[in-house]
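The repeat 'WD 1' annotation in Swiss-Prot covers 16-54. Marked as repeat 'WD 2' by Swiss-Prot: 58-97. Summarising the annotation, Swiss-Prot assigns repeat 'WD 3' to 103-145. Residues or ranges marked as repeat 'WD 4' in Swiss-Prot: 153-195. Per Swiss-Prot, the feature repeat 'WD 5' maps to 200-237. What Swiss-Prot lists as repeat 'WD 6' is 242-282. Feature annotation from Swiss-Prot assigns repeat 'WD 7' to 286-323.
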Amino acid sequence: MTAPCPPPPPDPQFVLRGTQSPVHALHFCEGAQAQGRPLLFSGSQSGLVHIWSLQTRRAVTTLDGHGGQCVTWLQTLPQGRQLLSQGRDLKLCLWDLAEGRSAVVDSVCLESVGFCRSSILAGGQPRWTLAVPGRGSDEVQILEMPSKTSVCALKPKADAKLGMPMCLRLWQADCSSRPLLLAGYEDGSVVLWDVSEQKVCSRIACHEEPVMDLDFDSQKARGISGSAGKALAVWSLDWQQALQVRGTHELTNPGIAEVTIRPDRKILATAGWDHRIRVFHWRTMQPLAVLAFHSAAVQCVAFTADGLLAAGSKDQRISLWSLYPRA
């Protein structure tokens, strides 16, 4: 007897339309909810940020703070009352969303117009740390917020030849107060920086093409990166803060715009230039699903805490998927 065919991938649970522009950034905010469900923030090529209710499946607010320039990154601070948005207008805006407000209360002028998204480390304290692309093409600037005080500039040695930083991930080990930064670079390397010491702890060559995005599971000390090439790289961090490549997963087509591990660390999703969303088991990297709904490049993916997956595309649509729900 032949083995039964696996069931076909599901259709989206629902689709959000109305951005009228390619979608470049997505972020769920559990702290800001409508009818008990998290709000979804989307950033578009036209410079607008839409705030969506998953209950009504409509945009409840539209924010316009980037002068028509593409919004590339979105992040809310703890409690969900403030939003950070990064645009190609060389501005990072801080929005006050408390009690229905939608005003820019501060901004940071960026030095680089590259593709690199910022990253924050905020533990519920009044002060938090922000990593942004720096003045030099290979620099990362570290700021203390909200004072915008410059902490340091992380600049590789001249002979490192890393190229531009393409993606950043600030994090902190549970047993330490020292901030660390994982950065993916144009030459295909992933680098671990000790921010306090302003030094490189470890560097690995993961990809032959620029690293477009990475995510890190601090509990398992294990990360994943995607590039402009045809492979995902899985790597780990040992107790001596040394990075090691653990394996690669070959893809059918090149180009990963974003890779995101679900909050429960069971599965991960990738946004593909080939219009596909790919879902993998995080521990084994077993492929679980290829979701072929969008008609143009998928540029961003995000998970809710309870496992709902959102994907934003160049086709101006945001698809929402319920896959392998959390137990």
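Just so it is clear, glycine is given a Cβ too, placed from its N, Cα and C backbone atoms.
Listed by sequence, the residues of this chain that lie at least six past the ends of the repeat 'WD 6' (242-282) yet keep a Cβ under 8 A from its Cβ atoms are 190, 192, 201-204, 206, 209, 212-217, 219-220, 222, 224-236, 288-305, 307, 309, 311-313, 319, 321, 323-324, 326. Within its own chain, the repeat 'WD 2' (58-97) has Cβ neighbours under 8 Å at 16, 18, 24-27, 29-34, 39, 41-52, 103-113, 115, 117-118, 120, 122-124, 128, 130, 132, 146, counting only residues six or more beyond its boundaries.
Ranked by number of Cβ pairs under 8 Å to the repeat 'WD 3' (103-145), the listed stretches 16-54, 153-195, 286-323 are led by 153-195. Shown for the repeat 'WD 5' (200-237): DSSP residue counts in helix, strand and coil, namely 0 helix, 26 strand, 12 coil.
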